[in-house]
Every structure is written in structure tokens, then in C-alpha cells.
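Let me begin by presenting the structure, written as C-alpha cells, before commenting on it.
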Amino acid sequence: MGRTSKDKRDIFYRLAKEQGWRARSAFKLLQADETFQLLEGLTRAVDLCAAPGSWSQVLAKRLYEPLPPEEREKVKIIAVDLQGMAPIEGVKQLRADISKESTAEAIIEFFGGEKAQIVVSDGAPDSTGMHDFDSYVQGELLLSALSISTFILEEGGSFVSKIYRADRTSRLYTQLKRFFKNVCVFKPSASRNSSIEAFVVAREFCLPDGYKPCNLTTEWHDQPESWVGRKKESPPVVQVPFVAYKGELDSDRTYDLGENYVYKEPVQQPLTAAYQDILQKTSQVNIKYEGIRVIHDEEMLKKWLENDENKSEKLGACVT
């Protein structure tokens, strides 16, 4: 399979390289902004799980670059991720864990004591191929993004995050409705129809009365215990609003390259592999396997044992 094969099969991958985006996922945020006008007039934005930086590019392109140089300093964009990424003009990078309160404090400090007007997150776990498990882990990641948003998002702010459509979608929707007046699930055309991926678009942020920001992955706020013992009564049915982007391009379709096509390399390769820490840890572990050696000759066995005292101890009672 040639290197142009993916350019044929994935029109958004091809366009991302031609237009200078680090990943095809940039079009997902662009289409969300086109549909809901999320970024108009904003000056403070947070990109969670930002690497390799395509959504941070979109934020910079829409909020930072259109302004004259003397006015750009008022726009503050911060990208948060445990992994490093190549610099983007107008974007501050913070290598930190989004589940830590200290990360929220660092973000607010970057904004000079103010809070963000929008929080976006395109983070996703490594896929296992088991859809139920993957959707569960993705839901926990979404709740982590929502948790830190309750610390850093200003009243009336917006929140956009990846979600996997599954049986937990209604529960996550219920969680979001506690904090946002307007919530829907959005499917951009840059997201393949064959994928369970979608995005929650939540607007008009408002903390409930008496609510104290906490970790939503460990605390429930829809009071499931109130249904315990009510065997004859079922929880209310939740209908989640769904919005699909109407575009001319289809991410599942193959497009001809055209006569003037010129192959382009990806805009920015990852600085480090996501699994680099695991490689470093396992490199210190001795996982060498010593095969079993069967010796039938008694003289050979004695010579072999004489070469290494540890072998005699290991064999012990096994040698007769």
C-alpha cells in the first residue's frame, strides 16, 4: 500500500496536511464552531489533552491570529497535556495532569485570576477494540475534563469534549445538564459514520447552588441511591439531543487525488511516543526467558551443574 493510499481514503487527512493542520481532528472543532459559533469574540480558552495540538491550532487561528499584533496579548490560550508538543504561536503549554486541582490553579493563574470562556478536550484513551470498555474509559476521561472545568470555567462559558456513543451517554448527558443549560451531542462530518465517536457541546455554564467543585469520576450527582429499593419504578427516560454537521465531504468516502496532486508529509510528527514512559519502565525489568534444557546423560548433567551453583539449587529435588 503506497503512501498516497491514505490521502485517497481520507479526504480530511489530506486536507489537514494541505492546510497546515497537525491532525485531521482540527476539522471537528472547526465544524463545531461553524455550527454553534463557539469561539466568536473569546479571549481566554483552554485545550485539555491537547497533544499533538490541532485543536490548539484552531483556537490560535480563530482567536489570536486575526488580531493586529498590538492586540494579541489580550488573547490567552493554554494547552494542557502530560505529553509535550511542538510550540504554537499564541499558545501557552502546561504539562500537567487534568485530574489535579493544582492544574486548575495554574490555569487560573495564567489567566491573571480570571476564568476560561471555553474549555475544549479531544482526549481519548488507547483503543482496545472492546467498545464497552473503551466507551467507559472515555466517559471517565470526559468526567475528568468536566471536573476541572467546574474549577476554571466562567459563568456562561462553553465546554466541548469527545464522547463515545454508548449506553452511558444518557448518564453523562444528565451530569452535564447539571452544569450547563444547553447540552447536545454533535457529530461532525470529519468524524467517520462508522465510528462511535461524537462530541458533547455544552453551553451556558452555571454552577448549581451550594455546589463545590470536586472529582466527578468518584462522586455521583444524579443521586442513583434514590432509586435503590424502588423495584417497581424505573429511572426517567432521557432523550439526548443530537446534531449532525451537514457538509459536502464524506469522511468514509474515497476521493480521487486529481491531476495537480502533490504528496505532502504530515505537518508535525509527535515529539514523543505516548507509550514512551512504559518503554522506559519495562527496560529496567529483566524479562529474559531461559528455556528448559532436558539432559539424559548423567555425566553431561554433572558437568552442566558444576558450571553454575545456582543451577544446582534451582534443580534441587528435581534431579534424581
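Backbone N, Cα and C atoms are what each Cβ position is placed from, and that goes for glycine too.
Database features (Swiss-Prot):
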- LYS162: active site, proton acceptor (ACT_SITE)
- GLY53, TRP55, ASP81, ASP97, ASP122: S-adenosyl-L-methionine binding site (BINDING)
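Rounded to the nearest whole angstrom, the C-alpha distance between LYS162 (active site, proton acceptor) and TRP55 (S-adenosyl-L-methionine binding site) is 12. In the three-state DSSP classification, ASP81 (S-adenosyl-L-methionine binding site) falls within coil. Listed in sequence order, ARG22, ALA23, ALA79, MET85, ALA86, ILE88, VAL91, GLN268 are the same-chain residues at least 6 apart in sequence whose CB falls under 8 Å from the CB of GLY53 (S-adenosyl-L-methionine binding site). Long-range Cβ proximity for TRP55 (S-adenosyl-L-methionine binding site), meaning a same-chain Cβ under 8 A and a gap of 6 or more residues, is found for SER25, ALA26, LEU29, ASP47, VAL120, ASP122. Listed binding-site residues: ASP81, ASP97, ASP122. The one with the lowest count of other Cβ atoms within 10 Å of its Cβ is ASP97. Following the DSSP three-state reduction, the secondary structure of ASP122 (S-adenosyl-L-methionine binding site) is coil.
LYS162 (active site, proton acceptor) carries a strand DSSP state (E or B).
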